[in-house]
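Asker: Sharing a structure with you now.
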Amino acid sequence: MVALNIGRAPHRVAVLPFYGTGALFFALLTVLLFVAAGELTGHHFSPHLLAIVHAAALGWGTMIIFGAAYQLLPVICERDLYSVPFAVASYVMLTVGALLLVWSFWVFEVGVLMITGGALVVVAAVLYAINTCATAARQQRVNVQQVFLVSSALWLFITVIIGLLLTINLSHTFIPRNHLDMLKLHAHAGLAGWFLQLITGVSTKLVPMFLLGKSKREWLLYTALVLQNIGLILFLADGYFNPITAKMLIYAGIVALGTLAWLIYLADVYRNRLRRKIEPLMKHTAISFLNLAVGFVLLPVAFYFSDSRWVSLYGTFLFLGWITAIILGTTFKTLPFIVWTSHYRHLTGKVIVPLPKQLYNERLIGYQFYLYLSAFVSLIIGLIADCAPVVRVALILWMILAAVYVANVAKTIFHKPMITDGNKTQ
Amino acid sequence: MEIKLNDPFAAELVKAQTALMQVIDPELYVNVVDLGLVYGVDFTDATKVKVTMTLSTPGCPMGEAITGGVKNALTAAFSDRETEVEVVWEPRWNYHMITDEGKAQLGLE
């Protein structure tokens, strides 16, 4: 029928488990935050905070991003996904690895369990990198979004390798550098390499599609690519051989300029959009970019002030402000389509089928948006004021938000195929 | 999709257009005709109905569903003919190809 590649969505098994498990990790994350509420403004190198950060970074952020990436790689690379079995294997490795890491950090059991968790996450990152690079390499015409996807996959690999070495170092010290300084390199390779570059690449493809907008200033994306990478490489190279000093803020500034170039590009897309009405899901995304900007502003504050509260605030803006908001915003712009495709792609044109937006509860999206705003703002106020009751109330809101999100994800994933006359399809 | 009244297959084209208007882009909730995805329908071969169409982007995850929908709709409308769907990337689809009706459905200016 169709000779040219029209981009088949990958089999749902390569995508859905990530969304389902990521949603459960989000719920687990909010429970862990509530249990450790009294420790949130303490030093970041504590068992419970390490467990929470890894639940957020691996179980929540990376889990959902893997699923979304396997779904979007064919769109960005204009080719089918290289390997569904690799995607499934990376899911198993990431899930087990993240669980082992979160558990071993929480009880602070250094040794075999923690190292095994770290090793499994490395295997997951390798499988993901192979899938990403192989899918991108099959396309002759390379676009900047593909380069971002590949670079972010490589940074994820570097991040988790450093992480694995750090877990080994905890039980068998061999790294000739201060463990806490190495932890900063590990964290920022993940934040500025993996999360920032992946989100930069994917957002510059998806936001124009959702807003029906465009920008001719593609040079901004190449500027973003170069600056984000140069700043991070300089930070890691200098930070490994020298103590972490104020000089490192210059490198952060270079990454910030790269981020600014990306945000200017998105602002240009927004100005040149055809779709005037902005949905709540896109508002989530806009808020996430704002939180990222605040994160950059907080970096020197966290550096210069010895109060660990500012480091907590910095982490909160990045994990719960930036990464969580963008996931909440994009989940229901991506997940329903893979479910819809698996149920209805052969039925279109034959019978009237539901639309992807009818696979989830739109009313819950409105609740989700305002719950998120109130949970996030109250948590920030509680952390700044170091007021435990406010923090606890905020974390209850976070748990309610997670319940709403999990319910909507479950409704989408477990959608029963229906056609308009009410009969179930085959 | 433009239909000329003096076209010898005007009646078939109208019937095809009506059928294709039942095929909705699940991402934009607008039918493929008003989105400007259908470049042409050819009835010159008496045994076939050949559609030339595009997608909003190569690798579109909805591509298989949309082209499948076009085939299903035309097969139902012209059961005596075989339906062929050819996807082309030239000319590349852009927002200016959306009809006024499509723009109205999308809530565009």
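Just so it is clear, glycine is given a Cβ too, placed from its N, Cα and C backbone atoms.
All TrEMBL annotations are machine predictions without curation.
Not my notes, these are from TrEMBL:
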TRANSMEM  A:12-37  transmembrane segment
TRANSMEM  A:49-70  transmembrane segment
TRANSMEM  A:82-106  transmembrane segment
TRANSMEM  A:112-135  transmembrane segment
TRANSMEM  A:147-171  transmembrane segment
TRANSMEM  A:191-212  transmembrane segment
TRANSMEM  A:219-237  transmembrane segment
TRANSMEM  A:249-267  transmembrane segment
TRANSMEM  A:287-305  transmembrane segment
TRANSMEM  A:317-340  transmembrane segment
TRANSMEM  A:364-384  transmembrane segment
TRANSMEM  A:390-410  transmembrane segment
Asker: With Cβ-Cβ distances below 8 Å as the criterion, list the same-chain residues six or more beyond the ends of the transmembrane segment (A:287-305) that contact it, or say none.
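Answerer: That would be 196, 246, 248-249, 252, 256, 259, 263, 266, 311, 313-314, 317-318, 321-326, 329, 372-373, 376.
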Asker: Name the range, of those listed as A:82-106, A:219-237, A:317-340, A:390-410, that has the largest tally of Cβ pairs under 8 Å with the transmembrane segment (A:147-171).
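Answerer: It is A:219-237 that shares the most Cβ pairs under 8 Å with the transmembrane segment (A:147-171).
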Asker: Which listed stretch (A:49-70, A:82-106, A:249-267, A:317-340, A:364-384) has the most C-beta pairs under 8 A with the transmembrane segment (A:112-135)?
Answerer: A:82-106
Asker: Of the listed stretches (A:49-70, A:219-237, A:317-340, A:364-384, A:390-410), which one yields the highest count of Cβ-Cβ distances below 8 Å with the transmembrane segment (A:12-37)?
Answerer: A:49-70
Asker: By a Cβ-Cβ criterion of under 8 Å, what residues six or more beyond either terminus of the transmembrane segment (A:82-106) are in contact with it?
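Answerer: Those are 10-11, 13-15, 17-18, 21, 25, 28, 32, 47-48, 50-51, 54-55, 58-59, 62-63, 66, 70, 113-114, 116-121, 123-125, 127-128, 130-131, 134-135, 138, 167, in sequence order.
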Asker: With Cβ-Cβ distances below 8 Å as the criterion, list the same-chain residues six or more beyond the ends of the transmembrane segment (A:317-340) that contact it, or say none.
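Answerer: 9-10, 12, 15-16, 19, 22, 26, 53, 56-57, 60-61, 64-65, 68, 71-72, 191, 195, 199, 203, 206, 210, 281-285, 287-289, 291-292, 294-295, 298, 354-357, 359-360, 365, 368, 372, 376, 379-380, 398, 405, 408-409, 412-413, 415.
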